[in-house]
């Protein structure tokens with residue numbers, strides 16, 4: 001039960017009405033006025049009862065608030081700080097432990113790695129144990145290993161870091177080797193992958209046949225017999241001619257390459273770039289080295305129009321003719337050349353026909369020519 005301090009404050013007595021005047025002095029009220037007075041009385045009574053109820057509610061509310069004031073007046077920030085600090089304390093410990101574990105793991109990892117590296121370089125695993133070769137066809141594997149200068153038993157990684165140097169040693173010693181790639185094979189061994197140039201032709205010399213590589217280089221080694229399927233190059237005495245020829249030859253279609261049996265260097269007095277290309281079908285092509293790849297592309301069309309084997313002249317234009325015509329032209333050219341070369345010089349003092357090359361000394365053949373001329 002809540003204690004009410006002053007009942008008079010809550011339940012106020014209604015003020016006394018002013019003394020009524022005597023009935024004689026007051027006029028008689030009409031029915032309407034009587035009803036109005038009764039209505040006003042009811043309104044006043046209702047207002048008084050309503051005010052008393054509101055005052056009681058306000059008093060009860062104030063008493064409840066007075067009991068709650070000790071708790072409400074406590075500093076809110078202090079309570080919140082105590083709660084937050086208590087909640088954060090376990091998290092702070094966990095974070096510190098995680099950092100310590102991470103640092104410890106990092107230190108142990110670095111230390112363990114350093115120990116393993118030191119043990120590796122001390123062990124035989126850090127030394128080259130074996131070298132193998134693959135892809136070689138023309139050069140023996142042992143010769144490649146020896147010329148590479150790789151040393152088994154020496155440091156593996158030191159030699160691997162200088163692998164370009166060892167590859168260059170191989171290519172320098174063996175021109176046929178196009179590329180030598182040194183790579184790791186297993187834990188402590190090397191593998192040398194070899195790529196060789198193709199032998200595309202043979203250079204004919206007095207001592208035999210020298211292989212000609214696709215890059216135009218001629219190997220020093222010789223073979224007594226010509227390899228089948230490879231064209232033979234003849235009369236190429238100058239070293240620069242074969243690389244120039246190979247630059248054009250490599251551009252030819254494979255069908256044309258397979259149809260070539262021999263290429264001879266045949267310069268004329270006016271053209272030092274001429275070659276004769278002998279085909280397997282019996283034809284002979286006269287063409288410039290610089291025009292070989294361009295004009296030989298039309299050879300198949302020209303050969304189909306020829307009735308029998310002959311000559312395809314591609315020096316200036318492109319035309320063909322049989323071998324008989326060449327023999328006739330060659331005979332006339334030879335007779336003209338011999339007449340010019342055998343032209344006689346007459347010595348007026350001696351009265352004898354002499355050859356300028358013999359310094360005025362007549363020969364039996366010259367005497368016969370002089371007599372015939374007379």
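Each residue, glycine too, has its Cβ placed from N, Cα and C.
If you check Swiss-Prot, you get these features:
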type     : residues : note
TOPO_DOM : 1-103    : topological domain 'Cytoplasmic'
REGION   : 1-90     : region 'Disordered'
COMPBIAS : 56-75    : compositional bias 'Polar residues'
TRANSMEM : 104-124  : transmembrane segment
TOPO_DOM : 125-374  : topological domain 'Extracellular'
REGION   : 325-374  : region 'Disordered'
COMPBIAS : 326-339  : compositional bias 'Acidic residues'
COMPBIAS : 356-374  : compositional bias 'Polar residues'
Quickly jot the same-chain residues contacting the transmembrane segment (104-124) by Cβ under 8 Å, restricted to those at least six beyond its ends, or write none.
188
Can you check how the pLDDT averages out over the topological domain 'Extracellular' (125-374)?
83
